[in-house]
Amino acid sequence: DPTRVMVSPFSMDVTVGESIVLPCQVSHDHSLDIMFTWSFNGHLIDFEKDGDHFERVGGQDSAGDLMIRSIQLKHAGKYVCMVQTSVDKLSAAADLIVRGPPGPPEGVTVDEITDTTAQLSWRPGADNHSPITMYVIQARTPFSVGWQAVSTVPEIIDGRTFTATVVGLNPWVEYEFRVVAANLIGIGEPSRPSEKRRTEEALPEVTPANVSGGGGSKSELVITWETVPEELQNGGGFGYVVAFRPFGTVSWMQTVVASPDAARYVFRNETLPPFSPYEVKVGVYNNKGEGSFSPVTVVYSAEEEPTRAPTTVLARSLSASDVEVSWAPPRENQHKGRIQGYEVRCWRHEGKEENAKRIRTVGNQTSTKVNNLRGNTLYHLAVRAYNTAGTGPSSAAVNVTTKKPPPSQPPGNIIWNSSDSKIILNWDQVKALDNESEVRGYKVLYRWNRQSSTSVIETNKTSVELSLPFDEDYIIEIKPFSDGGDGSSSEQIRIPKISNAYARGSGSSTSNACTLSAISTIMISLTARSSL
């Protein structure tokens with residue numbers, strides 16, 4: 001029987017991303033071998049090389065269907081199924097139309113540019129078998145993060161319009177433009193960028209932000225502001241106009257700061273009264289002229305250093321390492337400056353004052369702690385006020401001796417036993433050395449084994465009774481405390497969970513509980529002794 005095509009491939013219209021099957025099924029003499037091949041636009045398809053998109057499917061010797069996966073625009077064209085036996089051959093063809101997003105527009109040109117607008121034109125790219133419905137214009141500058149969509153006139157650019165005006169641009173900024181087309185299937189690739197064009201100059205419109213100041217040295221008025229970004233300077237020759245006047249007066253004094261990067265101006269005059277209010281504003285200018293000024297704000301001229309020392313300085317030792325110092329503020333002339341805080345200096349008797357430890361407070365605080373000192377050591381402390389102009393005179397030094405260090409020996413021979421939901425702890429008394437503070441009591445720290453928060457009980461005895469549930473493991477430490485602070489802690493003791501039957505037993509089980517308690521006591525006692 002001659003070979004005949006029973007189901008031939010047929011022309012199709014598909015969208016990018018779809019998958020299809022082109023059929024090719026024949027009837028033939030089954031005594032003859034048959035071979036199917038496919039060509040695309042005149043070239044044989046290599047199913048191994050192009051396996052990502054093309055695959056032979058069918059599963060029968062009389063079917064040679066072609067599957068095309070994830071169709072791309074490049075797959076549009078003519079497909080031919082060729083069937084061959086040893087005695088005859090035939091073929092069947094079909095055309096595949098692939099619709100997709102538009103191709104990139106071409107020839108984007110900046111026809112005219114002003115200080116805030118740019119007139120663009122372009123040619124449409126391929127519509128890829130789906131009419132272009134709209135265009136979007138994007139712009140990029142040295143200051144932008146990538147490409148950004150811009151406002152245009154008309155606001156919506158339809159697919160039959162090939163020119164538009166970009167509005168809302170910044171003066172004196174270099175721009176590039178590109179155009180993106182879209183249709184019902186999607187958004188296409190952008191065009192190549194246009195040539196770079198700089199918008200024209202204009203008067204500056206943005207004024208400096210956060211105008212403030214103050215501080216500085218004697219006879220100075222310090223004025224500060226945030227610089228205007230380059231993309232908002234609107235032209236070359238950019239600078240600042242600083243204007244100021246004593247508060248309540250009429251006439252402004254002005255000066256020009258020619259650097260666009262300047263953020264500070266200092267006016268110096270020996271007749272400038274200290275800590276006096278001034279009205280201040282900062283304007284801008286460029287090659288096109290002057291812009292507007294920032295809102296008026298009040299800035300104070302430089303203060304004078306405090307002229308008087310704090311009084312009634314007192315110091316007392318809190319522990320072997322901590323001292324508290326307090327003072328009374330000086331009576332300053334408020335018209336010459338403010339006290340912003342105090343500086344406490346602390347040095348050992350055998351040390352030098354210039355190497356003193358310094359602690360600064362802020363605001364009206366009139367006491368502070370000095371930490372990390374040596375135990376049983378004589379220290380000298382002095383206090384002085386400070387402000388933006390500097391530090392004032394120092395108070396007379398006061399003396400304080402830190403307390404002796406706390407005991408270095410941890411509690412030893414720790415024994416515990418349990419009874420009726422209670423844990424009873426006993427330990428040997430800690431004796432302080434001659435150069436250590438006397439023991440005033442003990443701190444027992446305990447927590448659940450699986451928790452981080454710790455509870456503390458203080459006692460002046462060498463034993464303590466804890467009422468704790470027996471359904472948890474406990475970690476316990478004991479350390480002495482003294483006027484010099486907390487002493488060395490014992491090693492951690494783990495008290496294991498105890499069943500209720502033993503803890504609360506009565507009758508015959510009581511003897512078992514007593515036996516368990518005694519065994520626990522002996523074991524912990526031995527462990528504590530060996531660890532010491």
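Just so it is clear, glycine is given a Cβ too, placed from its N, Cα and C backbone atoms.
According to TrEMBL, the feature domain 'Fibronectin type-III' maps to 104-202 (among others). For the domain 'Fibronectin type-III' (104-202), the model's average pLDDT works out to 97.
Summarising the annotation, TrEMBL assigns region 'Disordered' to 190-215 (among others). Sequence-distant neighbours of the region 'Disordered' (190-215) (same chain, 6+ residues past either end, Cβ-Cβ under 8 Å): 104-106, 108-110, 113-116, 118, 120, 122, 125, 138, 140, 147, 169-180, 221-228, 232-236, 238, 240, 280-295, 297, 299-300, 302-303, 388-389.
The compositional bias 'Basic and acidic residues' annotation in TrEMBL covers 192-201.
Taken from TrEMBL, the feature domain 'Fibronectin type-III' applies to 207-304 (among others).
Marked as domain 'Fibronectin type-III' by TrEMBL: 309-405 (among others).
Per TrEMBL, region 'Disordered' is recorded for 392-414 (among others). Long-range Cβ contacts of the region 'Disordered' (392-414) within its own chain (Cβ-Cβ under 8 Å, at least 6 residues beyond either end) map to 305-311, 313-323, 325, 327, 330, 345, 349, 373-386, 425-428, 430-433, 435-437, 439, 442, 462, 478-491, 493, 524-525, 528-529, 532.
Taken from TrEMBL, the feature compositional bias 'Polar residues' applies to 392-402.
According to DSSP, the domain 'Fibronectin type-III' (406-501) comprises 2 helix, 44 strand, 50 coil. Taken from TrEMBL, the feature domain 'Fibronectin type-III' applies to 406-501 (among others).
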When the domain 'Fibronectin type-III' (309-405) is classified with DSSP, how many of its residues are helical, how many are strand and how many are coil?
3 helix, 45 strand, 49 coil
Could you tell me how many residues in the domain 'Fibronectin type-III' (207-304) are helical, how many are strand and how many are coil under DSSP?
3 helix, 49 strand, 46 coil
